[in-house]
Amino acid sequence: MADAASQVLLGSGLTILSQPLMYVKVLIQVGYEPLPPTIGRNIFGRQVCQLPGLFCYAQHIASIDGKRGLFTGLTPRLCSGVLGTVVHGKVLQHYQECDKVEETGSGNVQKEVSSSFDRVIKETTREMMARSAATLITHPFHVITLRSMVQFIGRESKYCGLCDSIVTIYREEGILGFFAGLIPRLLGDIISLWLCNSLAYLVNTYALDSGVSTMNEMKSYSQAVTGFFASMLTYPFVLVSNLMAVNNCGLAGGSPPYSPIYTSWIDCWCMLQKEVLLCFSLPPALSPCSSYFILVLFVFLNVSGTPG
């Protein structure tokens with residue numbers, strides 16, 4: 001119980017701290033670019049024309065809505081984080097209770113390697129079920145969070161309060177409105193999880209020397225790095241999910257010219273692919289400094305064991 005409470009508190013604290021960056025990222029994803037490009041240098045030192053970094057966008061938002069405006073959408077995001085952590089923990093706890101008796105066989109080396117691989121498959125499957133359950137239950141709050149952020153573009157006030165937003169979505173779109181963009185989000189989470197754990201298993205088993213004294217630390221870092229690259233590869237699913245969550249919802253940011261009207265998430269994927277906007281990389285419009293900051297933050301969160 002104490003461990004679950006500490007996870008909720010830690011997750012809530014990190015959510016509050018990262019809210020301004022999340023806000024800016026979402027606005028960039030839907031195509032909101034109010035600031036002109038600037039001349040900067042890429043990682044090779046060459047002068048290039050690039051969009052301003054995250055902090056410039058944050059300053060722009062603060063200049064319009066004040067510093068408090070940077071935390072728009074925080075309430076539903078906190079609800080999503082707390083509820084997701086609880087559901088995630090309950091599902092894993094259920095699996096642990098169903099698996100109290102563990103096999104303790106004394107197999108040979110080949111068996112140990114096999115059982116190690118089987119354990120990774122088993123743990124990843126359980127983690128997948130826990131994350132999927134948490135995502136399914138918290139997705140309505142995720143949709144409200146995104147829409148409350150995106151309405152900054154058209155200066156609307158359609159999704160201001162949590163209760164009012166729930167009533168608005170149900171009245172205009174029905175139950176399905178709460179799950180807009182759910183499928184690509186689930187697919188992205190599942191693919192990212194399996195890629196991360198599979199790569200980490202291969203690195204830990206065949207690349208790291210088991211005799212090193214800092215083996216546990218090395219495994220933590222390898223898990224964080226593989227998780228980062230898995231997230232890069234599955235970023236298109238995140239982008240498509242967020243675009244579908246705000247598409248055609250009555251906000252300027254979810255309508256032309258910021259966004260076409262998509263018939264489905266596959267239609268959204270295909271259109272972005274044709275326009276060469278779907279890149280398997282970090283979110284667009286990030287300066288090298290912002291990208292480095294996100295990399296460090298991502299590694300820190302994974303090494304510290306923060307639940308996803």
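For all residues, glycine too, the Cβ spot is worked out from N, Cα and C.
Here is what TrEMBL says about this protein:
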REPEAT    118-206  repeat 'Solcar'
TRANSMEM  224-246  transmembrane segment
TRANSMEM  285-303  transmembrane segment
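Mean model confidence of the repeat 'Solcar' (118-206) amounts to 93 (pLDDT, 0 to 100 scale).
Each residue in the repeat 'Solcar' (118-206) gets a DSSP state, and the totals come to 79 helix, 0 strand, 10 coil.
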